């Protein structure tokens, strides 16, 4: 027996939802016509082959990585990058996803001591005169070092500084996540606590700085630190994690990952549909925050303002590219299910274990 609640959620006879209606994630600033980097196919083949060989992936893992298509993600985020910069972005996306998985569902997700050690060593890579990591013992750390070397060759000095600052924000957020997981003892986190943490762990802060590198943006440190610019960065990060937590909800439930906004709200008494609706409310708040930040942006003068505009474009293309990729990648849905979800805004939950309404 299947029943309909409020015209948008179906449940089975035992009271468990089999589908849920998601927010419209392609409205307002996310309705922009997408662009994809013309170097996508050329760079993808080389980058996929490299990472499979470098991380010694078996055939199954290599196929899984290829279907994830991190090159499409980079191509949508940095459509104007040349082939060299696009390749650096793809390598970075491979690095951050494999690095992040260790903190989400790997050996570091509940071990703050080991997590802090790994974060400390990773941050040390960015220091002047740092020792080169051992490629065989620490392949991800070594890969991060090669990415940093490539960024230093081309990025303006202030953008290099921003690269370091934003990576520290991300890594500090991961450590906070590990500590929260360890100390949670099954107790639900508040919405506010989760948002503060998730804004940093989604990876948007460093990714936006990498887009700035890829597009050869020369943003001054003064402009970077202005509250209006920082708010645009925060909005880009918030849109990305809200959309990611919606699209990845099924994957996270199946994997036992609790770092998901929908799951957090459900532990606080929300139904699945109510949690999705609340995510939509936060998304719409982001759109208002975006325009308020632009309205309060100072006028520095032609040369600085031009770079600020290009940087703000990166703050926008990050969540937009991530959203486009999320609906297509095999990591979450795959192109067929992603297309159907985009058209219907109905997420099928019938293949999940029973979830309390």
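Glycine residues also receive a Cβ, built from the backbone N, Cα and C atoms like all the rest.
Copied from Swiss-Prot, the annotated features are:
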BINDING   100, 105  Mg(2+) 1 binding site
MOTIF     100-105  motif 'DDXXE motif'
BINDING   105  Mg(2+) 2 binding site
BINDING   198, 251, 331, 332  substrate binding site
BINDING   244, 248, 252  Mg(2+) 3 binding site
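A map of Swiss-Prot features onto the structure.
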{"residue": "100", "record": "Mg(2+) 1 binding site", "DSSP (3 states)": "helix"}
{"residue": "198", "record": "substrate binding site", "DSSP (3 states)": "helix"}
{"residue": "244", "record": "Mg(2+) 3 binding site", "DSSP (3 states)": "helix"}
{"residue": "251", "record": "substrate binding site", "DSSP (3 states)": "helix"}
{"residue": "331", "record": "substrate binding site", "DSSP (3 states)": "coil"}
To the nearest Å, how far is the Cα of residue 251 (substrate binding site) from the Cα of residue 244 (Mg(2+) 3 binding site)? 11
Students should find that the Cα atoms of residue 198 (substrate binding site) and residue 252 (Mg(2+) 3 binding site) sit apart, in Å rounded to an integer, by 15
How many Å separate the Cα atoms of residue 332 (substrate binding site) and residue 248 (Mg(2+) 3 binding site)? 6
If you count Cβ atoms within 10 Å of the Cβ of residue 331 (substrate binding site), leaving out that atom itself, what do you get? 19
Using only C-alpha positions, which one of 100, 244, 248, 252 is spatially nearest residue 331 (substrate binding site)? These are the binding-site residues in the record. 248
Mind giving me a neighbour count for residue 251 (substrate binding site)? Other Cβ atoms within 10 Å of its Cβ, every protein chain shown. 13
Grab the pLDDT values for the motif 'DDXXE motif' (100-105) and give me their mean, rounded. 76
Nearest-integer angstrom distance between the alpha carbons (Cα) of residue 248 (Mg(2+) 3 binding site) and residue 100 (Mg(2+) 1 binding site): 15
